[in-house]
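Annotated features, as they stand in Swiss-Prot:
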{"type": "BINDING", "residues": "C63, C66, C69, C112", "note": "[4Fe-4S] cluster 1 binding site"}
{"type": "BINDING", "residues": "C73, C102, C105, C108", "note": "[4Fe-4S] cluster 2 binding site"}
{"type": "DOMAIN", "residues": "53-83", "note": "domain '4Fe-4S ferredoxin-type 1'"}
{"type": "DOMAIN", "residues": "93-122", "note": "domain '4Fe-4S ferredoxin-type 2'"}
Amino acid sequence: MNTLRSYIKSFLLWELLLGLKLTGRYLFTKKVTVQFPEERTPQSPRFRGLHALRRYPNGEERCIACKLCEAVCPALAITIDSEQREDGTRRTTRYDIDLFKCIYCGFCEESCPVDSIVETRILDYHFEERGEHILHKEQLLALGDKYEAQIAADRAADAPYR
């Protein structure tokens, strides 16, 4: 009896009809696809995108060259060189992030004791020339200056959970 039933189901293309029924059910529902460049979905304040270096309100860089972010980076994407200033404090002379190596894990942001390195909400960027994938200190500071209001708002929204 089971063999007869399986022959009837295969002759009537029962699996095909079940698939068409499923397709028909979703054919008239609301679409969930987002056309990305034209439409944007809301982002979380914790989104991890392009990196930026922050400054204090008086304009001084926050980075104290402790090199914790360089040590904690699992992909070895961060390179830091530093020197001592006349007042005895250390400051960075070189701060490079290789975006081809970076896995955007956020460990650098978590390990920074002065909240100097942050990951912004910038997710779409491209490179036209070889070597542009390495962000230098000046570029990172410029990104931090440009998006400081958004970075501060995101940090404030995330503060109760830190």
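Each residue, glycine too, has its Cβ placed from N, Cα and C.
Long-range Cβ contacts of C108 ([4Fe-4S] cluster 2 binding site) within its own chain (separation 6+, distance under 8 Å): H51, C69, V72, C73, I78, I117. Looking at C63 ([4Fe-4S] cluster 1 binding site) and C102 ([4Fe-4S] cluster 2 binding site), their Cα atoms lie 19 Å from each other. Residues in the domain '4Fe-4S ferredoxin-type 1' (53-83) partition by DSSP class (helix H, G, I; strand E, B; coil) as 5 helix, 9 strand, 17 coil. Note: the CA-CA distance between C105 ([4Fe-4S] cluster 2 binding site) and C112 ([4Fe-4S] cluster 1 binding site) rounds to 14 Å. Taking the mean position of the Cβ atoms of C73, C102, C105, C108 as the [4Fe-4S] cluster 2 site, the remaining same-chain residues with a Cβ inside 8 Å of that point are C69, V72, P74, A75, A77, I78, I97, I103, Y104, G106, F107. Those residues of the chain, other than C63, C66, C69, C112, with a C-beta within 8 angstroms of the mean position of the [4Fe-4S] cluster 1 site C-beta atoms are I64, A65, K67, L68, E70, I80, C108, S111, P113, V114, S116, I117. C102 ([4Fe-4S] cluster 2 binding site) and C66 ([4Fe-4S] cluster 1 binding site) have their C-alpha atoms 20 Å apart, to the nearest angstrom.
The helix, strand and coil residue counts that DSSP assigns across the domain '4Fe-4S ferredoxin-type 2' (93-122) are 5 helix, 9 strand, 16 coil.
The Cβ of C63 ([4Fe-4S] cluster 1 binding site) has 24 other Cβ atoms within 10 Å, all protein chains considered. Taking Cβ-Cβ distances under 8 Å and a sequence gap of 6 or more within the same chain, the neighbours of C112 ([4Fe-4S] cluster 1 binding site) are L68, C69.
Among the listed binding-site residues, namely C66, C73, the Cβ with the most fellow Cβ atoms inside 10 Å is that of C73. Of the listed binding-site residues, namely C69, C102, C105, the sparsest Cβ surroundings within 10 Å are found at C105.
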